[in-house]
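Residues annotated as domain 'G-protein coupled receptors family 1 profile' in TrEMBL: 43-294. Feature annotation from TrEMBL assigns transmembrane segment to 25-49, 61-80, 100-122, 143-168, 199-223, 243-263, 275-296.
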Amino acid sequence: MSTTNRSNTNSLPFLLTGIPGLEDLHMWISIPFCFTYIMTLLGNSMVLLTVRLDKSLHEPMYYFISMLAVIDLIFSTAVVPKMLGVFWLDSREIGFETCFIQMFFIHTFTAVESGVLLAMSFDRYIAICNPLRYSTILTSSRTIQIGLLSLARGAGVMTPLMCLLTSLPYCKTRVIPHSYCEHMAVVELACADPSVSDLYSLIVATLLVGTDSVFITFSYGMILRSVMRLPSHEARLKALRTCGSHISIILLFYIGGLLSMYLQMFSFGLAPHVQVLVADFYLTVPPMLNPLIYGIKMKQIQEGIFKLLRQLARLSISQAD
């Protein structure tokens, strides 16, 4: 294909199908996705506001939780509004550049979240295994640097992938059988060999997820070993409760991500709409559940939210008077 024809073809928009085979049910399917998005916005915004206003939460662990809340907000906003546009308004068209920008945000912030989860495991390791040096090792400025490093790592490894994908000619069809610009669904539309981009994405995913998960497992293994040596039963329970919320989020993130990825790679005889729904729920449900897990598992966050709600209630009453 000539360079001019390729450029003309790649300037055309893509068309999202939503949930293949369930187009007649889009209005009903949109209800849980709309609900999860509203809860995601409310829950994560509440966590951010609580950590911002409560000075007792100005500690590295809560800064990392705030980073997760920001990631969840960006992650959901990159996907759900367009998804609801497809479901509600049949607004299926998405520009060529917009499609890859959406894909970039999805993959970049997936990598960033993995880095933040690794940092949180390191935070808990220092707090439990070496508590006397915690305040000197993990300062506020160092915590922010870790967050920025995770962002730079995610953007750095995903930028070459986007360059590889956008350089491919897309001339088979413009229809993406998905609710968003899912990587594998888009690559299948290319009429050139995508083996280089496939190899790069496989290597990056394996190295990022593999390295992070190994270090996270090691950190929590050392934490569990130290916790079991604590003389007080109450101290052991407190340490386990603190780590419990982190482990729940880690399992939700990695197990959900692997399940979604393997279902996209191998159909296992499942209908296409099942694969798409699993991928959609992976992108929308964890961002909603993360702040709920903090509120249930972490007493400090829970107390901070209640304090904030009481302040807002008093403010509204005083304004009414």
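First residue shown is number 1, and so on along the chain.
Placement of Cβ uses the backbone N, Cα and C atoms for every residue, glycine included.
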- Message: Assess whether the transmembrane segment (25-49) lies in contact with the transmembrane segment (199-223), where contact requires at least three Cβ pairs under 8 Å among residues 6 or more apart in sequence.
- Response: no
Residues outside the transmembrane segment (143-168) whose C-beta sits under 8 Å from one of its C-beta atoms, at least 6 past its ends, are 10, 60, 63-64, 67, 100, 103-104, 107-112, 115-116, 119, 183, 186-187, 190, 192, 194, 196-197, 200-201, 204, 208
Comparing 61-80, 243-263, 275-296 for Cβ pairs under 8 Å with the transmembrane segment (199-223), the winner is 243-263
Residues outside the transmembrane segment (275-296) whose C-beta sits under 8 Å from one of its C-beta atoms, at least 6 past its ends, are 19-20, 33, 36-37, 39-40, 43-44, 46-47, 65, 68-69, 72-73, 75-76, 79-80, 83, 106, 177-180, 182, 245, 248-249, 252-253, 256-257, 259-260, 263-264, 267, 302, 305
Model confidence for the domain 'G-protein coupled receptors family 1 profile' (43-294), as mean pLDDT, reads 85
